C-alpha cells in the first residue's frame, strides 16, 4: 500500500511537471505570437510614420512655394508702386513747368481742365480698384493665416500620436519584463519539484525496507500456519474424506496465494523498471527544460534588439520634433512677412495722402487751367499712355488672380489630405481600442481557467487525504483482525488437550470459516493492490510529453491493451473469489448440519478414543466425564455446572468474535467496492483529460 501511494505521488508529480511544461510552452507560444503582433504593429506604425514624414515634406515644399509666390507678388506690387510714384513725380515736374506756359494757353486750359477732371475720375476708379485688390490680398493673407493654424493643429495631433506610440512601447517593455519574471518563477518552481523528487527517492528506499520486513513477517506466518496444519493432520489423520478434500482445497488456495505473492514480487520488479523509465523520462524533461532556457535567452536577446530599435525610433521622433521646430520658425518668418505687408499698407495710406495733396495741387492748377488748353494734344497722348498702362495693370491683376486660384486649389488639396490623415488616425485609435479589449478578454479567460484549475487541485488534494485516512483505518483493522486470529490460534492450541470432541469439532469448524474468510480478504486486497498499480502505470505512461507523436501513440495503444488485460484478470479473480466464498459457505452449512445430525463420538478419531480410555483408567474429573459412572468423588454438580458455564463462555466468545469478523468482512467488502468505483472514476477522468 505504501508503494502504491508513493507511486501515485510520483505519478502526480510527473503529471504536474508535464502540465507545467505544457503551460510554459503555451505561454512561450503566446509570447511569440504577441511579439510578432507587436512587431507587425511597429512595422505598420513605422510605415505610417514614413508616410506622415512624406506628407510633412510635401506640405513643407508647398509652404515654401507659397512663401516664394507671396514674396514675388509683394515685390511686384512694390515695384509697381515705385513706378507709379516716379511717374507721379514726373507729372508734377511737368505740371510745374507747364505753369509758366499756362498763362499763354488759358483757352486750351479750360479744355484740359475738363480732360483732367475725366482723368481724375479715371484715377479715382483706379484707386478704388487698387483698394479692392488690397482687400483681396488681405483676405488671402487671412486665409493663409487660417491654413497656418490648421497646420499647427496637425503638428500638435502628430505630436500626440508620437507620445501615444511612446507610451505603447513602454507598455510593451513592461509586458516583456513581466513575462521574464514569470519564466524565472517557473524555473524556481521546477527546482523545488526536483528537491521533492529527491525526497520521494528516499521514501522509496524506506518502502523497500518495509517490504522486506513485511515479507519476513509473511514467511513467519506461513511457517506458523504450516505447523498448525501439521498438527491438524496428525490429530485428524483418520477423518472423513470430505475433510481431506477441504484440506486439499485449502492447500491449493495457499499455493495460489503463494503464486499471487510471487506475481506481486514480479509486479514490484516491473514497477522498479518503470521507475527507471520514469527517471529516464525525467532526464529527458530536464534536457527539454535546458532547451527552453536557451529559447528564453534567445527571447531576451530579441528583447534587447527591440529595445535598441525603440531607442532608434525615439531618435527619429526627436528628429521629427526638431523638424517641427524648424517649421515653426518658418511660420514665424511668415508672420514677419505679414508685418511687412502691414507696413506696405501703411505706405499705401501715405501714398493716398500724397494723392490727396496732389488733388489739392490739381485744384490749384484748375485756377491756372486757362493757360493749359494749349497742351490738349499732349494730354491726349498722355491719356493714351495711361490707358495702355491700365491695360497692362489689368493683365497683371488677371495673372495675380490666376496665381491666387492655383493657391486656393493647393489649399483645398492640403485640406483633403489633412482630413484623410484625421480619418487614418481615427481608424488607428479604433484598432488600438479593439486590441486592448481583446487582450482584456484573454486575461479574463486565463483567470477563469486558473480558478477552475485551482478548485480541481483542491478537490483532488481532499480526495487524496480521504484515501490516506481510509487506508490507515484499513491497516488498523487488518492488524486488529490478525491479532485476534493469533490469539484464537493460541487458545485453540491450549484447548486441544482439554476440550471434548464435540467442542473440538465446533472450534475446528469455526477456525476453518475464519481461515477461509482471511483467504478471501487476502485475495481481495491483492486484487485491490493490482488495480491501482495498473491504473497508476497507465496514468504515468499517458502523461509523457516531449517524445515523437508516433512513439507516444504506439506506447499509449500498448499500455491501453495491457491495462485492459489486467482489468480482465482482476475481474476474473474477483469472480473466482466470489465463487470460492460461496462454495465455502455452502460447505460450512453442510458440515454444520452433518455435525448436528451425527453424534460427537462418531466424528472423533481413534486417537481420541485411546486418550479417553487412558484418562478413564487414570481417574479424576475427566474420567467421570468419559465414563457413565462417577470415577472421582471430587466431581460434584457445582463443579460440573462451573465447567459447563466456562465452556459456554468460551463458545459465546468465539461466536461473538466470528460475528465481529463477519461484520468487519462486510465493511471491508463495501469499502473495497467503493474504492474500486472511485478508482474507475479517476481512470475515466484521466482518460477524458
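Yeah, the Cβs are placed from backbone N, Cα and C, and that goes for glycine too.
Swiss-Prot lists region 'Disordered' at one of the ranges 395-443, 444-492, 493-541, namely 493-541.
Which of 606-645, 646-685 counts as coiled coil depends on Swiss-Prot, and there it is 646-685. Here the coiled coil (646-685) has a mean pLDDT of 79 out of 100.
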